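S.K.: Just lifted these from TrEMBL, have a look:
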ACT_SITE  ASP20  active site, nucleophile
ACT_SITE  ASP22  active site, proton donor/acceptor
BINDING   ASP20, ASP22, ASP217, PHE229  Mg(2+) binding site
BINDING   ARG29, ARG131, ARG142, ARG149, SER187, ASP189  alpha-D-mannose 1-phosphate binding site
Amino acid sequence: MSPVTNFADRTHPDTICLFDVDGTLTPARLDISKEMEETLVELRKKCVIGFVGGSDLSKQVEQLGPNVLKNFDYCFSENGLTAYKLGEQLASQSFIGYLGEDRYKKLVNFVLRYIADLDIPVKRGTFVEFRNGMINISPIGRNCSHSERNDFEKFDLEHKLREKFVAALQNEFPDYGLTYSIGGQISFDVFPTGWDKTYCLRHIEHENFKTIHFFGDKTFKGGNDHEIFAHPIVTGHTVKNPLDTERILKELFF
């Protein structure tokens with residue numbers, strides 16, 4: 001996949017396709033397939049493309065490949081709080097700068113006590129992951145194996161662990177101005193209200209795109225794709241998995 005720096009060369013230069021990562025471009029925390037890569041190469045000839053995910057760039061590189069900054073026109077890590085256009089970094093925002101050290105410590109202390117009291121089948125490590133624009137909270141711990149991740153997802157669907165955790169945080173910190181967004185299989189993101197995936201739209205509003213497509217799998221209310229999926233200037237598409245993403249793209253563009 002090679003960079004295309006002149007949007008006017010696209011068949012539809014006024015159209016951009018934005019993609020969630022986990023469950024949309026790749027299986028959760030796994031690598032992008034050769035078939036998806038080839039689909040995106042062809043799509044990039046037709047329109048502008050970008051991804052928007054909650055993870056930091058290093059995790060997105062693991063999944064989408066080492067040339068991710070060249071292979072996408074826009075790369076929006078941490079919902080666009082860290083952003084790149086054609087490989088060049090744009091302005092960024094800081095979660096700790098917004099919340100302050102004292103309030104952050106109170107939040108994290110509550111989270112760790114809550115997890116300590118959880119009775120779940122497996123606990124591993126990295127329960128709170130600090131990122132530039134948010135924190136990610138995982139009751140099982142992000143160091144779990146892929147099979148443990150799948151097992152936890154099933155357990156969570158039955159017992160609603162993450163939903164109850166979010167409700168407890170909302171009750172404990174009603175004045176913090178935070179949004180709690182469940183995504184992926186094992187965790188949820190915490191960020192200032194308004195810093196959801198719609199934040200990435202701030203980076204492209206001056207480009208005057210006539211059509212903004214977004215593809216995501218967690219588009220339900222409370223899912224981390226919902227806000228951008230439902231945004232009035234965005235045409236949202238709910239996908240079941242990467243194969244479904246490819247199917248919809250072929251219907252729309254090929």
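Glycine is treated like the rest: Cβ placed from N, Cα and C.
For each listed feature, how buried is it and what is near it?
M.R.: Cβ neighbours within 10 Å of ASP20 (active site, nucleophile), excluding its own Cβ and spanning all shown chains: 28.
Within its own chain, ASP22 (active site, proton donor/acceptor) has ALA28, ARG29, GLY53, SER55, GLN63, GLY183, GLY184, ASP217 as residues 6 or more apart in sequence whose C-beta sits under 8 angstroms from its own.
Of all Cβ atoms in the protein chains displayed, 19 besides its own lie within 10 Å of the Cβ of ARG142 (alpha-D-mannose 1-phosphate binding site).
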S.K.: At its widest, how many Å does the recorded alpha-D-mannose 1-phosphate site span between Cα atoms of ARG29, ARG131, ARG142, ARG149, SER187, ASP189?
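M.R.: This binding site's residues have a maximal Cα-Cα distance of 21 Å.
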S.K.: Here's one to test understanding: among the recorded positions ASP20, ARG131, ARG149, SER187, ASP189, whose C-alpha is closest in space to the C-alpha of PHE229 (Mg(2+) binding site)?
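M.R.: That would be ASP20, the closest of ASP20, ARG131, ARG149, SER187, ASP189 to PHE229 (Mg(2+) binding site).
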S.K.: So around the Mg(2+) site, ASP20, ASP22, ASP217, PHE229 aside, which residues have their CB within 8 A of the centroid of those CB atoms?
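M.R.: Same chain, not in ASP20, ASP22, ASP217, PHE229, Cβ within 8 Å: PHE19, VAL21, GLY23, THR24, GLY183, PHE215, GLY216, LYS218, THR219, GLY223, ASN224, ASP225, VAL239.
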